[in-house]
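Novice: Here it is: the structure, laid out below.
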Amino acid sequence: MSAARQGVAQARRIVVKVGSSSLTTAAGGLDADRVDALVDVLAKSRSGGEKEIVLVSSGAIAAGLAPLGLRRRPKDLARQQAAASVGQGLLVARYTASCARHGIRVGQVLLTSDDTSRRAHHRNASRTLDKLLAMGALPVVNENDTVATDEIRFGDNDRLAALVAHLVRADLLVLLSDVDGVYDGDPSKPGTSRVAQVHGPQDLAHVEIGSAGRAGVGTGGMVTKIEAARIAAAAGIPVVLTSAVHAADALAGRDTGTYFHPTGKRSADRLLWLQHASTPQGALTLDDGAVRAVVERRKSLLPAGIAAVEGEFTAGDPVELRDSEGRAVARGLVSFDAKEIPQLLGRSTRELARELGPAYEREVVHRDDLVLLQP
């Protein structure tokens with residue numbers, strides 16, 4: 001066993017993500033046998049008492065299709081949310097029944113992007129997951145599809161899993177799919193080879209990656225899984241991407257699937273979301289002095305350094321920070337509504353406090369809520 005795979009076998013806190021295609025029948029409904037098989041693997045891995053597992057599970061929308069008379073996953077958000085509302089209860093009930101066979105309690109955790117970005121939200125989410133693990137429960141995490149909007153959705157549970165792995169300080173992320181890892185071509189065709197290890201983007205430069213999920217029941221394809229692996233690896237978390245039928249081998253550290261080596265160090269949970277999974281709701285154009293302050297000196301963005309504002313956003317939304325030539329240099333959580341900023345442009349905080357009141361004597365984007373973007 002390689003050192004990397006030995007590290008996988010020795011991981012104590014693990015986030016496992018399973019997609020809709022690994023939990024459903026060909027018709028799109030929940031497959032009880034598949035759910036039971038996955039739970040059996042997770043229960044065995046936990047049985048020694050040394051491992052903690054968080055399960056990020058898709059399948060709520062897929063589970064709600066048949067009860068609502070839908071043949072395929074709808075494209076519009078409203079019907080997706082209706083299906084999720086019906087299906088989430090069915091999904092958790094199935095997990096609860098399956099886990100009960102092993103004496104394991106299930107704790108449902110529904111997250112939105114706010115829960116990994118806003119200070120109070122992500123702190124509470126982290127505490128809840130920590131407490132569930134400490135009490136021996138199996139947290140089952142999903143995006144809260146019924147309340148998320150197009151603008152603030154994670155979009156797929158692969159990215160959510162990467163962010164949850166960072167949120168709970170996991171030692172390992174396992175992404176389960178219906179494909180045994182990354183291949184250098186169509187895995188259904190002869191002559192293609194599995195990519196056993198990925199140290200960086202150069203190892204995937206020759207790989208053509210498809211994006212479609214199976215049977216129209218999910219949103220995730222190989223593109224989103226590789227992106228999730230990249231996010232987690234950049235945060236210092238190793239990743240194994242393999243098929244659900246090889247979940248036991250993956251958790252045991254055997255040579256299955258594709259192993260992504262960590263490429264970076266851990267950062268604040270909110271900043272990981274901000275850099276990799278947020279959708280900017282607007283943009284602020286900075287003058288040259290503000291660009292240097294933000295990029296080179298890692299300072300907060302003050303009103304005096306802003307030359308222009310665009311977009312419609314509210315305080316707490318992610319926005320893009322651009323230089324005078326329109327290049328994105330950073331991303332941050334803004335402290336003001338878009339409609340408030342025009343009156344602040346180019347003015348000092350002292351002047352604003354004197355004219356508008358002390359509430360305006362603050363940063364537009366605080367340095368703790370800001371990430372630099374790679375050129």
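Placed from the backbone N, Cα and C atoms, the Cβ positions cover glycine too.
According to Swiss-Prot, the protein carries these features:
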{"type": "BINDING", "residues": "LYS17, SER177, ASP178, THR219, GLY220, GLY221, MET222, VAL223, THR224, LYS225", "note": "ATP binding site"}
{"type": "BINDING", "residues": "SER58, ASP145, ASN157", "note": "substrate binding site"}
{"type": "DOMAIN", "residues": "281-359", "note": "domain 'PUA'"}
Novice: Have a look around ASP178 (ATP binding site) and count the other CB atoms within 10 A of its CB, chains all included.
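Specialist: Excluding its own Cβ, the number within 10 Å is 15.
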Novice: Given the binding-site residues LYS17, ASP178, MET222, THR224, tell me which ones have a C-alpha lying within 10 Å of the C-alpha of SER58 (substrate binding site).
Specialist: LYS17
Novice: From the DSSP assignment alone, can you count helix, strand and coil residues within the domain 'PUA' (281-359)?
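Specialist: Secondary-structure composition of the domain 'PUA' (281-359): 28 helix, 24 strand, 27 coil.
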Novice: Quick one: pull the CA-CA distance for LYS17 (ATP binding site) versus ASN157 (substrate binding site), whole Å only.
Specialist: 8
Novice: If you measure THR224 (ATP binding site) to ASN157 (substrate binding site) at Cα, how many Å is it?
Specialist: 9
Novice: Please name the residue among the binding-site residues SER58, THR224 whose C-beta has the most neighbouring C-beta atoms within 10 angstroms.
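Specialist: The residue with the most neighbouring Cβ atoms within 10 Å is SER58.
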Novice: Report, in whole Å, the straight Cα-to-Cα distance of ASN157 (substrate binding site) from MET222 (ATP binding site).
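Specialist: Between the Cα atoms of MET222 (ATP binding site) and ASN157 (substrate binding site), the distance comes to 12 Å.
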Novice: Measuring Cα to Cα, tell me the gap between ASN157 (substrate binding site) and ASP178 (ATP binding site) in whole angstrom.
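Specialist: The Cα atom of ASN157 (substrate binding site) is 15 Å away from the Cα atom of ASP178 (ATP binding site).
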Novice: For ASN157, MET222, listed as binding-site residues, tell me which one has the smallest number of other Cβ atoms within 10 Å.
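Specialist: Among the binding-site residues ASN157, MET222, the sparsest Cβ neighbourhood within 10 Å belongs to MET222.
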